[in-house]
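Participant: Quick one: the structure is below, and I'll ask about it shortly.
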């Protein structure tokens, strides 16, 4: 707004006997202020607000003000958002009779102006006097979850009530149509956005945002735990990528003493084990005998300690026979030190914090399986040439806090990462760093101070060829292993000849004591970084890297890589697809460029935003509905010759049902645009200007 116009507006106010009534009359007889943006009406209103601040005697009170408030309330439902605060301030609506304001909001609500009623309630802080379920239900049906979050943001009691309501709706026995029926004629009604999957995601978002105890939402939590149980059975019996002890720890902690989950656990055991195996694991998980089918209960009575010992011994023999297929630590077992006291840890730091030292750094945390909260580091691994130190982070933090030195461990970690004279090796370090920050807020600015850091993930991305020209696919067939290697394990296989044994990857790293297998896995994860780096530095050309590798990487401040280790390493994809791994597909050869018109896909139901974005670019897209089973994507793909786009656990199932290269998994943590770029790049789809909006939206 020009200075001249502002001065003219202020002179106009000064000449008016009643500026407040004058502004109202102007707005009532004009419509330009109803549009978005900075209209003349908006400029005049905001100038009056400033002018009143400079002339405190202007504001009115009493009957005259009440009449003006009544008139302005009638206009607020038509106001653009930028005019609400100035008008509320000018006409002192916070001082108006609360019952009168509530009556007005109720009138808006009954007219079907639910959004306007909610926004006005937020502005006038009327939420405590209104029913949360009543106000929020139509907003959720109109896909206005963000407004619902704002509605309860400042009121913990309302947050709890909202979460309990949402959790009730997520009960499998609850009929959601009972809620939606009264709103069938609702404008902008989006029934596809109102289902248990969407509501469950909203509950977890609210639990995290407002830091509410998850115990308030038993239905949503139980459903998530059930998906975790399904995932664990998939990892153990289909992928076969978890050790028996590791798997047993997780199913026991996931089912706990919850009778509903224990019932589902029994059903899963019967589906994947014989009666004897089911009885053994039911006993391990403390499932009450009365919950077991007769055949399993009979086996449970027959079980003796000796039987269990024999089975475990047999399993151990089988496990040890597989070890030769994997990377083995080249240092003796006695050189791996598990540190739980500060006396031991200080000796470790003396060795680590030496100028010129090269340190392999890794971290482990308990997998969250999609539950609330960021993972906290449970184990910090530091590998030197001749020994590996495993730091029990929770124990050391607890000891330091008890001694009044809460920042002791963060201080040492900062010293390590900020010392340019020490080379720190990692793989996908952004995930490690975010978990460190979740563990200790004192480390929140550490990334800005990092020096001498080498993230081997960035080196790995330079497409180094496999050792001896062996493709990852061929190596699996030779080993007879069902799952292709990926991430650090694949890099270890390419450079050192054998992959990492990742069966302890999803261990409960907070449980003490650690099992021997966990200790060896943790040490290997850190130590292999030293061996890879040494090979890269000795002969970078054979790995497709520049000859100045060491000079170009060491001493430079690490840049945050796009790929997150928390996705690659610990955060397994939950069956709901909420936390997923990055792009995955079968190995494929470079393809010739194609146009969007030649590219046809079917998008799984968690990727509807991606599907709509690709359609805007001219791609032939079919979308699965929210209630469709993931397997429908495979049926459509086979019938119509489409590529499947999916994310998370469904990828494992779907890729086996279509031809090689016909199923692609995108990261569900990315926005639709980034997902689309992944897809276009992978399939070499070239978009031209004429393709954009060439299909009906």
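In case you wondered, yes, glycine gets a Cβ from its N, Cα and C as well.
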Participant: Of the ranges 512-553, 554-595, 596-637, which one does TrEMBL list as region 'Disordered'?
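Facilitator: Range annotated as region 'Disordered' by TrEMBL: 554-595.
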Participant: Can you dig out which of the ranges 419-440, 441-462, 463-484, 485-506 TrEMBL describes as region 'Disordered'?
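Facilitator: Per TrEMBL, the stretch marked region 'Disordered' is 463-484.
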Participant: Restricting to the domain '3'-5' exonuclease' (336-541), report the mean pLDDT as a whole number.
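Facilitator: Here the predicted model's pLDDT, averaged over the domain '3'-5' exonuclease' (336-541), is 86.
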